[in-house]
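So the structure is just underneath, and the comments pick up after that.
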Amino acid sequence: MKLFYAIDIPKSGVKHLLNDTRELREDYAHFSWIPDANLHITLHYIGERSVHKIPKIVGQTEIALFDVVPTHLYAFGLDIFINSNITIYVAFQKNRTIQTTSDRLSSIQLPQKKRSFIPHLTVARAKIPSKQQYLHLKKKLHKTDIDLDFPVTTIHLYESIARPKFPLYRKVHSFKLSR
């Protein structure tokens, strides 16, 4: 089973996000927009693990998160990652608690490839456009106001189940942050 740690986006936050990106979704309807149910912030991708490893992973995670306190995330806009495709994401202000949490979670499980953590919420994917289209998209993204902030009180361990268009995410375990 493919596992990862994530922060859920509250329903009210999803509603704000859909409203804030409505025009963008209409203008770029051909993009692959992430379904509401799949919106989350990945803290660390664990990868393929046997179901028998779940109790050990849960125990290690509880130890790693024992003194992590709830925090708050604040979005500040939309931006793009470019790899083989483009990924449009909501960018969040840096948050020491979230960074520490991500570092602790990645130290439990050896990651496939160590990358610096950037708190973000993927909202769409698309093929790389022409340079002119890219610059136009960047301008639209920077003009789009994102009104999204929410408390983070729980970290979730998810299983990613492959499906044709979008994966199905199943909660394996939830870790309540201490107060």
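Using the three backbone atoms N, Cα and C, a Cβ is placed for every residue, glycine included.
Just so you know, TrEMBL annotations are computer predictions that nobody has curated.
What TrEMBL lists as motif 'HXTX 1' is 40-43. Under DSSP, residues within the motif 'HXTX 1' (40-43) fall into helix, strand and coil as 0 helix, 4 strand, 0 coil.
If you look up TrEMBL, you'll see H40 marked as active site, proton donor.
Annotation source TrEMBL lists motif 'HXTX 2' at 120-123. Note on the motif 'HXTX 2' (120-123): its mean pLDDT in the predicted model is 96.
For the recorded site, H120 (active site, proton acceptor), the DSSP three-state label reads strand. Marked as active site, proton acceptor by TrEMBL: H120.
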Exercise. Are there any residues in the same chain, six or more apart in sequence, whose C-beta is under 8 angstroms from the C-beta of H120 (active site, proton acceptor), and if so which?
Worked result: I41, D79, F81, Y89, V90, A91, F92
